[in-house]
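Engineer: Sending over a structure as structure tokens; questions will come in a sec.
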Amino acid sequence: MGEHNNPVPVVAIVVAAGSGSRLGAAVPKALVPVAGVPLVTRAIERLAEGGVGEVIVVVPAAEREAFVEVLASAPVPVIWVDGGAERQDSVANGLAALPDLDEADAEGQVVLVHDAARAFVPAEVVARVIEAVRAGADAVVPAVPVSDTVRELTDTGSVVVDRARLRAVQTPQGFRRGLLEDAHAALYETRMTVTDDAAAAEYIGCDVVLVEGSRDAFKVTDPFDLVVAEAIAARGEPA
Ligand SMILES: Nc1ccn([C@@H]2O[C@H](COP(=O)(O)OP(=O)(O)OP(=O)(O)O)[C@@H](O)[C@H]2O)c(=O)n1
Ligand SMILES: C[C@](O)(CO)[C@H](O)COP(=O)(O)O
């Protein structure tokens, strides 16, 4: 860490540039309200509560004004960035907008990547991810056991998979900034695509550490999920 009075804040790249085609709402998914509060607002509140000091919010370019309006009273400073065609592109745009720091601070800064769609992530999960990065992990992923029996399709039919060895991957995922920048640069160079940032880190040889996630951190994807989201909002904080 370089010389300074203030510690380097934990920054979160909140990807909110998806359209939410499976949800089918009239507005981008991240702006959809649950109990009157948009998903992106909820996500940022949870991140701030868990220890994030600054957010880069990646939004559909044409909708930026609407996002600025709903986040006018965000609990942490917001940097705005336009999204890309795929989630991976949106994360890369977010990374490119990270504030300048001196080299040592930038290398060690904790960067989280979070889906706005995982709006109900408990603050404890956010804090757990940050703590694991600070403790030295390369790439940190909150994950939960899989409750269904799972079958994998084969050329001839399907086979059952040992679910005790499966974990469903959530966000926020945590990294040291330098490492995540290197990972996305490598993906860009080789035109490789991944569906999460831990896979990007793995692509450049990093180990992925799993920490306990939460069912509350589920990704709002289709209309059924909105019913669950409303129920969680009505229930309040997890016990
Ligand atoms: N080009 C994209 C695509 C997705 N996302 C974000 O990545 C997260 C996870 O994506 P998903 O839940 O699949 O969202 P959508 O792509 O919007 O959903 P759909 O596939 O139903 O359109 C979301 O917070 C979404 O806003 C993004 O920032 N930029
Ligand atoms: C990053 C992620 O939330 C991990 O589960 C997920 O991969 C993103 O969803 P997508 O549908 O692949 O964009």
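Keep in mind that glycine also has a Cβ here, set from the backbone N, Cα and C atoms.
Quantities reported herein were computed from a predicted structural model and do not represent experimental measurements.
The following feature annotations were taken from TrEMBL:
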{"type": "SITE", "residues": "Arg22", "note": "site 'Transition state stabilizer'"}
{"type": "SITE", "residues": "Lys29", "note": "site 'Transition state stabilizer'"}
{"type": "SITE", "residues": "Arg163", "note": "site 'Positions MEP for the nucleophilic attack'"}
{"type": "SITE", "residues": "Lys219", "note": "site 'Positions MEP for the nucleophilic attack'"}
Engineer: Taking the Cβ of Lys29 (site 'Transition state stabilizer') as the centre, how many other Cβ atoms fall within a 10 Å radius?
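Structural biologist: For Lys29 (site 'Transition state stabilizer'), the count of other Cβ atoms within 10 Å is 27.
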Engineer: I'd like to confirm something. Which of the recorded sites, Arg22, Lys29, Lys219, has a Cα closest to the Cα of Arg163 (site 'Positions MEP for the nucleophilic attack')?
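Structural biologist: Comparing Cα positions, the closest of these recorded sites turns out to be Lys219.
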Engineer: If one measures from the C-alpha of Lys29 (site 'Transition state stabilizer') to the C-alpha of Arg22 (site 'Transition state stabilizer'), what distance in angstrom results, rounded to a whole number?
Structural biologist: 9
Engineer: Reported as an integer number of Å, what is the Cα distance between Lys219 (site 'Positions MEP for the nucleophilic attack') and Arg22 (site 'Transition state stabilizer')?
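Structural biologist: It is 12 Å, counting Cα to Cα.
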Engineer: Which residues in the same chain, at least 6 apart in sequence, have a Cβ under 8 Å from the Cβ of Arg22 (site 'Transition state stabilizer')?
Structural biologist: Thr221, Asp222
Engineer: Would you identify the secondary structure of Arg163 (site 'Positions MEP for the nucleophilic attack') according to DSSP, in three states?
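Structural biologist: DSSP assigns Arg163 (site 'Positions MEP for the nucleophilic attack') to helix.
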